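I have placed the structure first, in the form of structure tokens, so that the comments after it can refer back to it.
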DNA sequence: AGCACGCCGACT
DNA sequence: GTCGGCGTGCTC
Ligand SMILES: [Zn+2]
Ligand SMILES: [Zn+2]
């Protein structure tokens with residue numbers, strides 16, 4: 001009589017709902033199996049990496065057909081809490097468990113050939129880290145140096161928080177410059193007095209700069225910190241993940257992708273700038289790192305702190321209703337006053353240049369007279385100006401002066417943007433911002449042969465030219481992804497601004513992030529209207545957060561006795577609520593107004609949404625596919641008073657890189673009802689698909705939970 | 001998803 | 001006669 005076999009179930013990185021059973025040869029692998037082990041398995045005609053999710057002594061599958069596990073990774077199994085998190089994410093976002101877990105494991109641990117030398121790698125990395133560890137820590141503000149408002153906030157955090165095993169969600173709301181970071185870093189430091197404790201600090205992609213890293217390090221001089229973001233090399237990422245999942249690192253600082261890092265001794269989570277859209281993953285399993293972090297804190301009974309000057313409506317409402325604790329930090333730490341907000345009505349001729357004005361530019365001005373004169377004043381005061389426009393390139397479209405030709409992308413339903421020489425290459429080009437296609441600029445109109453082609457509208461490049469012409473003696477710098485790619489990255493450009501080597505900065509929203517500039521006198525936003533004018537119901541909420549953020553840049557000038565700067569917004573609709581609340585610096589007023597709007601319309605956070613995306617060669621087929629799905633949902637009785645299914649519509653940018661896209665919106669006031677409907681939809685679609693491509697008409701489909709843009 | 005198997009049209 | 005189109009089914 002033979003021993004009972006050891007059978008393990010393994011999930012792999014494929015959109016397959018089921019796991020696969022394998023035999024475990026304990027002698028060969030040198031270990032008994034545990035749930036959470038990472039293994040290499042033979043699958044079809046190749047070898048793949050998988051994760052053990054079940055251990056037993058029998059299989060539903062014919063036992064003699066089972067293959068044997070090839071190799072076991074030299075790692076401890078993922079801890080049970082992390083596996084619960086993965087399981088939840090897989091269900092909630094309607095993706096297979098394997099394709100949810102495996103992408104969160106760094107590549108270094110998915111190369112079975114390298115597993116044998118893995119520990120040598122870790123050793124050499126350890127030596128390197130000792131050298132790197134000498135980076136200067138800076139920006140420490142210890143508990144005694146906090147202002148009274150900060151001290152109160154910290155007190156509130158600590159009073160309850162020392163109790164173990166207690167879920168708390170806390171919103172820390174305070175303006176830019178109110179010192180939120182110092183509060184939560186001091187809080188984390190006190191939690192880390194427990195030697196084995198681990199904490200997770202999530203920050204938006206763009207905020208995770210070397211400066212921030214140094215600043216965080218300053219608070220934890222004797223602790224090990226692991227940094228995880230997309231810019232970290234594969235090897236360093238593998239090491240950081242290893243240190244987190246083994247409990248060797250106490251502070252895990254990272255972006256969205258760090259939210260799913262296993263941490264066996266997790267004691268607290270901070271999500272900084274919790275409203276930031278970069279927390280939402282936009283491909284693969286489309287999770288929200290913030291929402292997963294909240295679930296994780298709840299599941300593991302640890303506190304989570306959400307920090308923002310302009311919270312997401314979801315978080316703000318939870319705090320208002322008492323579901324979250326609410327800590328306010330409204331005293332400006334550095335004694336700087338709030339920036340003055342100025343709305344410039346572009347329809348008012350008084351604000352525009354007239355031909356007689358001495359300072360009017362030769363061509364039609366790209367900015368209002370009111371703004372131009374404010375910039376002149378700022379220059380005279382030896383202060384810097386930031387001018388924002390969220391449009392890269394020279395002009396958003398090229399046109400023919402004789403016929404109706406416009407520069408369109410051949411692969412997308414969009415215009416190609418003109419970039420002048422130097423930005424994307426040596427020559428001027430037309431570039432599609434959706435598919436990346438780059439074409440040379442035609443000398444003649446392709447339709448009528450006319451040689452006179454004109455640009456329509458303007459982007460950062462053209463604005464830069466115009467500004468240089470209007471203030472020939474000013475030092476002008478352009479900051480956008482094009483200019484930062486050309487120089488040594490955005491950091492180098494930010495440093496120029498910080499060092500005062502620049503008078504006027506022209507750029508996209510990216511200028512507003514990260515850095516702490518000292519001498520900004522003026523911030524101008526030129527394209528607020530185009531950001532507000534959008535089919536997406538969250539457009540106003542996003543714009544408000546962006547405007548508050550850039551206003552914070554102007555107000556941040558910390559030199560004592562100095563006034564804060566000014567923010568100028570050019571708009572046709574100064575009476576719009578977004579601007580009116582901004583004018584009064586009334587964040588809560590805006591939130592309350594938006595909340596009541598959403599409630600009335602039954603939109604999130606007062607309801608829950610999901611999108612079914614469909615993509616195919618022709619829009620027709622995609623729409624028909626979604627229509628059939630809707631009909632199916634109806635016949636199955638899924639559409640009820642509590643579950644609304646809209647008609648399928650083309651996506652805002654319908655065609656991208658040759659494929660045409662449509663979407664179906666599903667909405668419910670009841671989370672559970674929505675979840676069940678989505679699971680039914682997933683099952684139905686899977687049945688007629690291979691992976692996520694339908695058998696008939698070859699439609700690529702995807703379910704997205706809690707979409708942030710509709 | 002990725003891949004092999006298999007059954008029909010048009011092309012050396 | 002065979003090359004290749006993609007519909008179908010399988011992967012422990
Ligand atoms: Zn023409
Ligand atoms: Zn394109």
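Cβ from N, Cα, C; glycine included.
Because TrEMBL annotations are produced automatically, they should be read as predictions rather than curated entries.
For reference, TrEMBL has these:
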BINDING   A:400, A:403, A:445, A:448  Zn(2+) 1 binding site
BINDING   A:409, A:412, A:432, A:435  Zn(2+) 2 binding site
DOMAIN    A:161-329  domain 'Helicase ATP-binding'
DOMAIN    A:424-601  domain 'Helicase C-terminal'
Of A:400, A:409, A:412, A:432, A:435, A:448, the binding-site residues whose C-beta sits under 6 angstroms from any atom of ligand 1 are A:400, A:448
Who sits close to residue A:400 (Zn(2+) 1 binding site): which same-chain residues at least 6 apart have their Cβ under 8 Å from its Cβ?
A:406, A:445, A:447, A:448, A:450, A:452, A:453, A:454
Of the binding-site residues A:409, A:412, A:432, the one whose Cα sits nearest to the Cα of residue A:403 (Zn(2+) 1 binding site) is A:409
Give the subset of the binding-site residues A:400, A:403, A:432, A:445, A:448 lying near ligand 2, defined as CB under 6 A from any of its atoms.
A:432
Within 8 Å of the centroid of the Cβ atoms of A:409, A:412, A:432, A:435, which other residues of that chain place their own Cβ, given that this set defines the recorded Zn(2+) 2 site?
A:410, A:411, A:414, A:416, A:433, A:434, A:436, A:437, A:656, A:657
What are the non-local neighbours of residue A:412 (Zn(2+) 2 binding site), defined as same-chain residues 6+ apart in sequence with CB under 8 A from its CB?
A:432, A:434, A:435, A:437, A:653, A:655, A:656, A:657
If you count other CB atoms within 10 A of each CB, which of A:403, A:432 wins among these binding-site residues?
A:432
What is the number of other Cβ atoms found within 10 Å of the Cβ of residue A:445 (Zn(2+) 1 binding site)?
19
Three-class DSSP assignment, residue A:448 (Zn(2+) 1 binding site), comes back as coil
What residue among the binding-site residues A:435, A:448 has the most other CB atoms lying within 10 A of its CB?
A:435
Same-chain residues at least 6 apart in sequence whose Cβ lies under 8 Å from residue A:409 (Zn(2+) 2 binding site):
A:415, A:416, A:432, A:434, A:435, A:437
Taking the recorded Zn(2+) 1 site as A:400, A:403, A:445, A:448, identify the other residues of that chain whose CB atom sits within 8 Å of the mean position of the site's CB atoms, giving them in sequence order.
A:401, A:402, A:404, A:405, A:446, A:447, A:449, A:450
